[in-house]
Amino acid sequence: MHEAQIRVAIAGAGGRMGRQLIQAAMAMEGVQLGAALEREGSSLLGSDAGELAGVGKSGVTVQSSLEAVKDDFDVFIDFTRPEGTLTHLAFCRQHGKGMVIGTTGFDDAGKQAIREASQEIAIVFAANFSVGVNVMLKLLEKAAKVMGDYSDIEIIEAHHRHKVDAPSGTALAMGEAIAGALDKDLKDCAVYSREGYTGERVAGTIGFATVRAGDIVGEHTAMFADIGERVEITHKASSRMTFANGALRSALWLKTKKNGLFDMRDVLGLDVL
């Protein structure tokens with residue numbers, strides 16, 4: 001048994017991502033699984049979290065009450081849905097718990113609530129916790145500065161049939177990285193759908209295309225297309241474990257932070273590159 005530097009609680013323990021997070025927490029050096037949460041009324045309540053995730057007994061029982069486990073964790077990891085995450089955010093803010101938030105689909109009010117909470121607690125909030133995706137975001141900034149003013153920029157993303165928001169949070173983060181490098185606001189230049197007679201492509205826009213099919217874990221491509229050539233920067237995920245490991249790495253990184261809003265690029269130190 002390794003010595004724990006940080007104790008984590010996992011939201012949505014019975015979901016696809018929740019189970020991966022439990023596996024990662026039980027395997028990662030310096031991390032202790034302190035609590036696992038599911039919604040009230042779930043048939044999984046009372047289960048052993050490790051057995052639920054297929055990695056053996058953990059001694060942590062799946063519960064529905066954050067109040068009941070508030071003394072069992074330091075950082076709360078949440079990859080659920082916006083409404084649930086905001087409820088958890090209020091609890092963590094009240095009790096001084098750090099958060100790692102991988103939930104996507106927040107509206108402006110939800111994002112503002114996260115910003116306000118970060119004045120009191122430490123939060124890592126990222127659209128994607130993969131190391132590769134965050135390296136890609138840095139590459140996109142550099143490509144945009146060189147090619148963005150004369151290229152047609154399109155972002156194509158594909159996910160499994162069960163994903164409920166579109167475009168993905170990662171695709172939006174890609175768009176924001178590109179727009180920011182061009183001194184633009186993504187809200188002013190994004191094109192999210194094309195149908196019927198659209199006319200010619202408007203220069204300076206960033207287009208988005210979405211695929212939902214099968215069990216695709218996550219694929220993202222940014223295209224910089226000019227006459228005669230194009231550059232494509234692509235990331236493909238083959239396992240959710242890459243996201244889970246990134247989230248646990250973020251939780252460890254938060255142990256020295258009292259408050260503030262960070263993203264995965266802060267965790268990886270990419271902003272110094």
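Cβ atoms here come from the backbone N, Cα and C positions, even for glycine.
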Inset, instruction - Name the residue, out of Glu38, Glu40, Glu83, Glu141, that Swiss-Prot lists for the same NAD(+) site as Gly12, Ala13, Gly14, Gly15, Arg16, Met17, Gly102, Thr103, Thr104, Ala126, Ala127, Asn128, Phe129, please. - result: Glu38
Inset, instruction - Quick one: among the binding-site residues Gly12, Gly14, Gly169, which has the most Cβ atoms sitting within 10 Å of its own Cβ? - result: Gly12
